[in-house]
Amino acid sequence: MGMIVTSALIIWKALMCITSSESPVVVVLSGSMEPGFKRGDILFLHMSKDPIRTGEIVVFNVDGVRVRVFMYPSNI
């Protein structure tokens with residue numbers, strides 16, 4: 001059991017380094033992103049310094065809120 005937990009933590013830390021994100025894997029909690037993503041879908045996040053383009057998913061960290069806010073920019 002200890003080996004499984006250790007392996008999971010190593011994989012999580014590696015994903016954090018590769019994606020430059022605190023939470024490289026998130027789950028869609030509501031149906032607000034349909035039809036593109038359904039409730040329960042797993043998303044892999046990647047932080048980028050490139051400008052945001054139409055169709056990309058933007059993730060916000062809101063102070064005091066544990067859930068991240070996702071948004072599809074329709075016009076930039």
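The first residue you see is number 1, and the count goes up from there.
Cβ coordinates are placed from backbone N, Cα and C, and glycine is handled just like the others.
Here is what TrEMBL says about this protein:
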{"type": "SIGNAL", "residues": "1-21", "note": "signal peptide"}
{"type": "DOMAIN", "residues": "11-68", "note": "domain 'Peptidase S24/S26A/S26B/S26C'"}
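Sequence-distant neighbours of the signal peptide (1-21) (same chain, 6+ residues past either end, Cβ-Cβ under 8 Å): 44-47.
Helix, strand and coil content of the domain 'Peptidase S24/S26A/S26B/S26C' (11-68), in residues and according to DSSP, is 12 helix, 9 strand, 37 coil.
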